[in-house]
Amino acid sequence: MNYVGLIIVLSCLWLGSNASDPDDPLLVQLPQGKLRGRDNGSYYSYESIPYAEPPIGDLRFEAPEPYKQKWSDIFEATKTPVACLQWDQFTPGANKLVGEEDCLTVSIYKPKNSKRSSFPVVAHIHGGAFMFGAAWQNGHENVMREGKFILVKISYRLGPLGFASTGDRDLPGNYGLKDQRLALKWIKQNIASFGGEPENILLIGHSAGGASVHLQMLREDFGQLAKAAFSFSGNALDPWVVQKGARGRAFELGRNVGCESSEDSASLKKCLKSKPASELVTAVRKFLIFSYVPFAPFSPVLEPSDAPDAFLTQDPREVIKSGKFGQVPWAVSYVTEDGGYNAALLLKERKSGIAIDDLNDRWLELAPYFLFYRDTKTKKDMDDYSRKIKEDYLGNQKFDIESYSELQRLFTDILFKNSTQESLDLHRKYGKSPAYAYVYDNPAEKGIAQVLANRTDYDFGTVHGDDYFLIFENFVREVEMRPDEEIISRNFINMLADFASSDNGVLKYGECAFKNNVGSEKFQLLAIYIDGCQNRQHVEFP
């Protein structure tokens, strides 16, 4: 056992003997002092607990430091977690600035269940393209009603504050990923005090949260922090995750906020630290060339090997091929029309017509930004590729509402499905622990596509989040679950509870047991639909 593992084990043992007060379960003893949660009827909550020093001042653009302060009074863990400062796609109006820079907290939700003295733990990383989103946006009422596990929501730095990088040791980037990792360490060390089982931690996330889960898992010591991982509609190989071109964008950020005289990374970092955080985040709008496109102008990067506290120094593909990653059970998923999240905004009505009309004149300009190959090809190669994929999916059709479904399929394939297949293929060849996958096809009455398109008269199919928002309530649904969705919701929640506590990595959904892909010649894919589930084998994803 290495030093980090020993410290975690000793911390868990010590904290296990200092759990919540049996006379008052709202009071919990931590190394920092006592905190008080809230009784919500069917569950307890302990919100906005700091796990890191505030990433402000000199700590901006630095790896997070563990929270060191001691509480002389009882810490009131009753405040809804604040969103990390962001330029939020879903905030209406011109000013989309939301949140605060001091935001590195975890929030814990514990069911009341007299039959259990302890619970498995599901740690949750929210999505939002590494640019926006918040822990509070993913509701927990469905999960708490089932009463199967403790839920921990992680907040982490976003946008330029979390992911600006010059690609060298002065401003290496990936601060948001480093936040997540520190939060996981905090959970491992402290969750026993809340009645959680530190040996039964499952890490999950959706979209950028799912990609974050996969990236965390690519750390070789991940198994010391969690026993399993689940990536919903997002993984490390998606083209919008680990991007190139970050150095140019970091200096462009500097020019946008008055740091144009900075000629090297060190001086740029110093200047950016001196600027108001709101100014840095508001500058995100300068990187958007069409609505909220590209949806992830700042994202994870490859860091140089000499960077302090480096998180990711190799392409994820090479990490998986090396076998030197967290060899724990992993599941990944996609829905049949994930790309609706990216394409639906093109059906929004404007005074000059629907937005998709613009693509007829601007496809060669916009496609590299929609599909994230703007920094990987020459101008000629980008144009050739843009023409080819249009021909492959739309043929001679023009861009309009009649051809929209083909465009949405293009977005689904390139941004989600193809990379899900590639990641699963690598894990089945180089992984040692089980690797599972499912595809979901059961459209919601209202979801993220209807919100972005601002219309309900189009059948978008099963879009990004239609499965995940049955586990965690989200503002984009705005409708009650149908009876079939209530069954699916319970199946998903039970699936997570069982995965977190399983000793052999077995994964089940309802009556269907997932099949392991490791060592399999064909892809083992569980299809989940309105009235059941079925195991299917594929040479390529359907």
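Using N, Cα and C of the backbone, Cβ positions are placed for all residues, glycine too.
Quick caveat, the model's predicted, so the values are computed rather than measured.
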> For which of ASN18, ASN418 does Swiss-Prot record the feature N-linked glycosylation site?
Replying inline: ASN418
> Of all the recorded positions given, namely CYS103, ASN418, CYS512, which is spatially nearest to SER207 (active site, acyl-ester intermediate) at the Cα level?
Replying inline: ASN418
> Can you tell which of the disulfide-bonded residues (CYS84, CYS259, CYS512) has the fewest other C-beta atoms within 10 angstroms of its C-beta?
Replying inline: CYS512
> Helix, strand or coil: which one is CYS103 (disulfide bond) in, per DSSP?
Replying inline: coil
> Hey, which of the disulfide-bonded residues CYS103, CYS271, CYS533 is the loneliest by Cβ count within 10 Å?
Replying inline: CYS271
>> When DSSP is mapped onto helix/strand/coil, what comes out for ASN40 (N-linked glycosylation site)?
In response: coil
> If one measures from the C-alpha of CYS259 (disulfide bond) to the C-alpha of CYS84 (disulfide bond), what distance in angstrom results, rounded to a whole number?
Replying inline: 23
